[in-house]
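Trainee: Quick paste of what TrEMBL says about this protein:
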- B:12-31: transmembrane segment (TRANSMEM)
- B:65-82: transmembrane segment (TRANSMEM)
- B:94-114: transmembrane segment (TRANSMEM)
- B:120-140: transmembrane segment (TRANSMEM)
- B:147-169: transmembrane segment (TRANSMEM)
- B:193-212: transmembrane segment (TRANSMEM)
- B:240-270: transmembrane segment (TRANSMEM)
- B:282-300: transmembrane segment (TRANSMEM)
- B:312-329: transmembrane segment (TRANSMEM)
Amino acid sequence: MNGALLRVEGLGVTLSGRAVLKDVSLSFSSRHLVALVGPNGAGKTTLLRALAGLVQSTGTVEVGGDPLSSLPLRERARRFGYLPQGHVVHWPLQVRDIVTLGRYPRGATDPARLSPEDEIAVTRAMQATDITTLAARRVTELSGGERSRVALARVLAVEAPILLADEPTASLDPRFQIDVMKNLRSTADGGVLVIVVTHDLALAARFADTILVLSNGRLVAQGTPEQALSEAVMADVFKVTAYRADYQRERVIVPWTGV
Amino acid sequence: MVSQSATKPSYTITVGLVVLVVLLALVSLGTGPVRLSPVTVIDALFGGGTGAQQTIIREIRLPRAILASAIGAVLGLSGAALQGLLRNPLASPSLFGAPQSAAFGAVLMIALGWADVRSYALPVAGIAMAFVSVFVLLSIAGRNAGLLLLILAGLAISSLAGAATSLVMNLSPNPFANLEIAFWLLGSLEDRSFRHVMLALPFIAAGAILLWSQRSAFRALSLGEETAQSLGIDVTRVRLLVITGVALGVGGAVAVSGTIGFIGLVAPHLMRPVVGYDPARLLLPSALTGAALLTAADIAVRIIPSNTDIKVGVLTSIIGVPFFLYLIVRERRALAGGVA
């Protein structure tokens, strides 16, 4: 793919002597929703962290033609929005202040003094995640679903060309899971490359353009949901069969029973 | 904007605290064997009053008042910075053994005969040991330091520093030097001169500037180290700068005052709800509260009637330890959960 936004070649990560990722190569352009799936311990989180430059890796990662290793920390932070698992907030901060932290890479270090541009980005991110009414609330007073939307708003406020989200739907009820995926879908449609880690194959198959399947640190399948989650992959990697159907003109792939 | 709501009260608080510190300093200048009214104090400060009054105010009490506010401020600031760095309300220099380690460094200098109590070797040795102690502690605690781990490691380090100090005194041939060290260790601001101010202030100022420069990183660290890093913050660098800042501030302070504990724990705690729990906005009010607390404590030791003078370090510990216990009870759930 020429002019790819993100190009990865021969990426490897070794953590405390163990090769967690081996020879991963991929290439994506913007306006794309990629779901990264695989069993527990396959290396999904490590791959996201390596892409964001949060962990030492071998091989090359190029963002918009620039090698990741050549970019200063601040610049990396402008190109990758990173949403980690768990949405930890250590102090009972106000929702708006948390969302504003997304503007940190753009130099907005004080939530009380934002440029008009930062104000707009923060407001937009809060509208997209429907948390405008929560702005002055403390994050500790929120429900799990609300917290996850705040976390999502924070990473949307970065307005980075690439958004990496690690299990943003974990521990959410079905409605919020769908909300989050719809949000990521429209973010991708707005011109962003979104890479999302998930264990929910049905959500991945429904919303993603491309699915990456990781197993034991290797990329074992890549393609449209139907290609990547083939009978063989489901059996070999996930040890399940899948129910497949079409519903309302969308593809449904649901893990069904263990093999 | 909505976000401004939190800024206004914190501005008011800052101004209020500055006024409080100034008032306390005036009271401090008027307190002692010769009681002087605030009017006399101000008059003497600017060259009025009798010669005796001027000497008392400008040469005896002014250095003491300056040291109390500067040391209190840097202790409050250090506590707030450490709490921001570690996202933990129980972090503070004294619980991490930093003052105790700095005291060991200083005592070693005195016992070895390399320095008298007025030489720059004292703060330098204190700063070096404070740096080592905080560095070791953070290395032991690792990246996601839980409460339990931090407190256990801090306990171990302060015990070790205490034991090392005892060993030095144990081996010291001069009993009079020992007595002097023992009293100095209790922490006091008595009989300090401008020489002491000059000794401590540059280090305290340097430490304070370092800690202050990292304030916005503390807010980002509220989301955890990894997220902070993904926002463009070099977390390793922040850590190192905070350790250095705390070491400079605490080491410089200990070198002239001995160990004064718990200001760094109490001050941020009092101010946190006031600034909306924002670890960046917490720094300045914490420093001012620290200054007010230590100045107040230093006034109290001069007012409380007793046969011999009470050391201010003893007083801050007597007040600080029950407060620490109260915090432990409040954090009980997190502590019982182990390395959270």
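A Cβ is built for glycine as well, from the same backbone N, Cα and C atoms used for every other residue.
Set these features in their place in the structure for me.
Mentor: Tertiary proximity for the transmembrane segment (B:65-82) is limited to same-chain residues at least six positions away from its ends with a CB under 8 Å from its CB atoms, namely 21, 25, 28-29, 91-93, 96, 98, 189, 192, 196-197, 200-201, 204, 207-208, 211-212, 214, 218, 242, 245-246, 249-250, 252-253, 256-257, 260, 263-268, 271, 279, 282-283, 286-295, 298, 312.
Below 8 angstroms of C-beta separation, residues 78, 82, 121-123, 125-130, 132-134, 137, 150-151, 153-162, 164-165, 168-169, 171-172, 177, 181, 185, 246-247, 250-251, 253-255, 258-262, 264-265, 320, 324 of the same chain, each at least six residues beyond the ends of the transmembrane segment (B:94-114), sit close to that stretch.
Packing against the transmembrane segment (B:120-140) from elsewhere in the chain are residues 93, 96-106, 108-110, 114, 149-150, 153-154, 157, 161, 199-200, 203, 239, 243-244, 246-248, 250-252, 254-256: each is 6 or more residues past its ends and has a CB under 8 Å from a CB in it.
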Trainee: For the transmembrane segment (B:193-212), which stretch among B:12-31, B:147-169, B:240-270, B:282-300, B:312-329 has the most Cβ pairs under 8 A?
Mentor: B:240-270
Trainee: Are there 3 or more C-beta pairs under 8 Å linking the transmembrane segment (B:147-169) with the transmembrane segment (B:282-300), counting only pairs at least 6 apart in sequence?
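Mentor: In this chain the transmembrane segment (B:282-300) does not contact the transmembrane segment (B:147-169) - fewer than 3 Cβ pairs sit under 8 Å.
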